[in-house]
Each structure stands twice: as structure tokens, then as C-alpha cells.
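Novice: Quick one: structure below, then a few questions.
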Amino acid sequence: MKVLGIETSCDETGVAIYDGSVRRLLGHCLHSQIDLHAAYGGVVPELASRDHIRRLPLLLKQLFGETGLSRRDIDAVAYTAGPGLAGALLTGASFAEAFALAAGVPALPIHHLEGHLLSPLLADDAPRFPFVALLVSGGHTQLMHVAGVGRYELLGESLDDAAGEAFDKTAKLLGLGYPGGPQLSALAAQGCAGRFKLPRPMLHSGDFDFSFSGLKTAVLNRVSSDDWEPGLAADLAADFQEAVVEVLCAKALAALKHTGLDTLVVAGGVGANRRLRERLDNLAARRRYRVCYPEPALCTDNGAMIAFAGALRLEAGERRAAAPAVRVRPRWPLVELDAPGCP
């Protein structure tokens, strides 16, 4: 069962083929729109949609060339149906449904966050259900209890800014370019944490929710003060990163203790953050917990995770008739996702 995956939820265009019969990713191609949006300091939805339209046929041709496969080899198409930018989602969904109709194969709308959540299972030493998942990206910060494919319970989430969003906004406050998160992390690596006393929002709230807007405001107050020196930006970046990482780690480990589980899956763009991985690994090792991540290349948005999620759903009994019905949900809570086989 070879599944073609298509990802266009924001500013990355991704295509991939996963073969469920041999449980192997056969190939994936990805195009980032960073250069396209850099001049604007953020993603411009209209430009993102147009670029997806241009790139999808080219990437698919490249993917078929690299894998030696063709349209006739594809058994199903999985595409990101939400959440994300409406126009960007529609480009991928339309392309996927048209391909599926022409090839006479089923098309499966996939939840973007489910793709991230399941991506660590692509590893050779994949975690087994059940586990706790920490989803950390530009748009979402959530802790989930994962009992199986499509069986998700929300334990806690950000009440305002997501962790990745806080990274991006703080990067702008420090005068860094786009994309802000990776640039802030790079700057933090040059600094020394401990100079600035920044808050750890909701660290002791007794639940699994997050809040990062107050931390961002603390940085704004610091850089707006009369005694601020730009030469201290690296130290401030390091302290900001430490504050976010400390809260993420504390909540994630508390969720493991609360559920009685011993495996944590970390997914989403912020999951590639080196300091987060370092601290989580150290803390988890002391408690004999296991922490699993996707490989760094699969932390950002990509088609591989969508193809894989589609393959798992088909394996679990999900069936979709090939039809030119484009289904997208720009706002789509993960807990509203049906388990495979549900009507």
C-alpha cells in the first residue's frame, strides 16, 4: 500500500510516498518558502498559496523521478486538510483530490497535528501506544494522551501564544529576521543564561496548560528600558529560551507522572530545538522515562508525516471513496478528529 502524502498547510510544500506494506518511507521532497516571505517578516497567505500551486507539480515530478515510481504505483493519497491557512490548504487539497480522481484511488484528509504527533513512529525504534505527546509548533502547544491512532485526549494547551509563536515574536523584539525562532535559538547559543530574571508562566499552576504571552511582554519591557544595551541580546535570548524550555519540560514530565506512562513523544517545529531536547533527555533519564523525537528534518511541516498518517489510518480500517470533494478545516481541534473507520 503506497500512500502519496501532500502537505501545504502554511509555508512549506511537501510531498512524500510511504509504503505501508514494507513500513518504509520511499522518498520525500520539500520546498520551503522562507526566502519568499523573508522580506515581509512573516508568511503572506496569498503568496504562500500561489507558490504551493507552482511547486506541487514540480515536486511530484521530482519525487517520482527519485523513487522510480509513477502515478500507477500510488494506492491512496493523503493530504493536509487542516488546521492551517485556508488558501494554502485548498491548494493542496484540490491537487490531491484531482490526482486521486485521475488515478482512481481514495483520498484521505489528514489532520496536520496528527501528522506531527505520529511522525516519531517513523523511526526504526518507534514508541508504542499509549504515550504522552508534547506538540510544540508556531501555532500550537499541547499535551495529549495518545491511546492509538485517532484516540487523543487533551491534557493541556497554551491559553495564548504557542511556544513557537512566542519564539518568533521575541525574535522580532530583538531585531532578528524571519524565521525568528531558529534565529533566536542560534543567538541564544552565543549567550549566557542567568543575567535576566524572566518569569516562568504557569510553572506551578497545578495543571498542564501553558501561557507565554507574559514572558514575551517581560522581554519587551527589558528591551524598552532606558538601560537596555543591544550587546546583551544574546544573553536575553538565552534566558528567554531557558524559561520556555523549563516550563515545557516541567509540564511534560508532570503529564507523564499524572498518566502513569513512561514514554513522551515530542513533535512540531520547536521539537527540533537543541536546548529543549538536551534538557528533556537529561530530566527524563533521571526518572527512567523515554523521550522520542522525529528526525530533525521531519520536525518542520513535511509530506512524509502526512503520507505516514494516511497509511496508518488505512491500516486501521479507514476508507474514503475517490471523489472530487475538497474538504479543509482551517480551524480544527485535534480532539475533534475521528478514529479510523468512524463515519
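Here the Cβ of each residue, glycine as well, is placed from N, Cα and C on the backbone.
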Novice: If Swiss-Prot gives H112, H116 as binding Fe cation, which of D301, D338 does it give for that site as well?
Specialist: D301
Novice: Need a hand: Swiss-Prot gives L135, V136, S137, G138, G139, G181, N273 for substrate, which of D160, D161, D168, D262 is also on that list?
Specialist: D168
Novice: Using Cα-Cα distances with a 10 Å cut-off, which of the binding-site residues G138, G139, D168, G181, N273 are near H116 (Fe cation binding site)?
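Specialist: So far as Cα distances go, none of the binding-site residues lies within 10 Å of H116 (Fe cation binding site).
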Novice: Hey, which of the binding-site residues L135, V136 is the loneliest by Cβ count within 10 Å?
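Specialist: Ranked by other Cβ atoms within 10 Å, the binding-site residues L135, V136 bottom out at L135.
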Novice: If you count other CB atoms within 10 A of each CB, which of D168, D301 wins among these binding-site residues?
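Specialist: The largest 10 Å Cβ neighbour count belongs to D301.
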Novice: For N273 (substrate binding site), just count the other CB atoms lying within 10 A of its CB, please.
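Specialist: For N273 (substrate binding site), the count of other Cβ atoms within 10 Å is 27.
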Novice: 10 Å Cβ neighbour count around H116 (Fe cation binding site)?
Specialist: 30
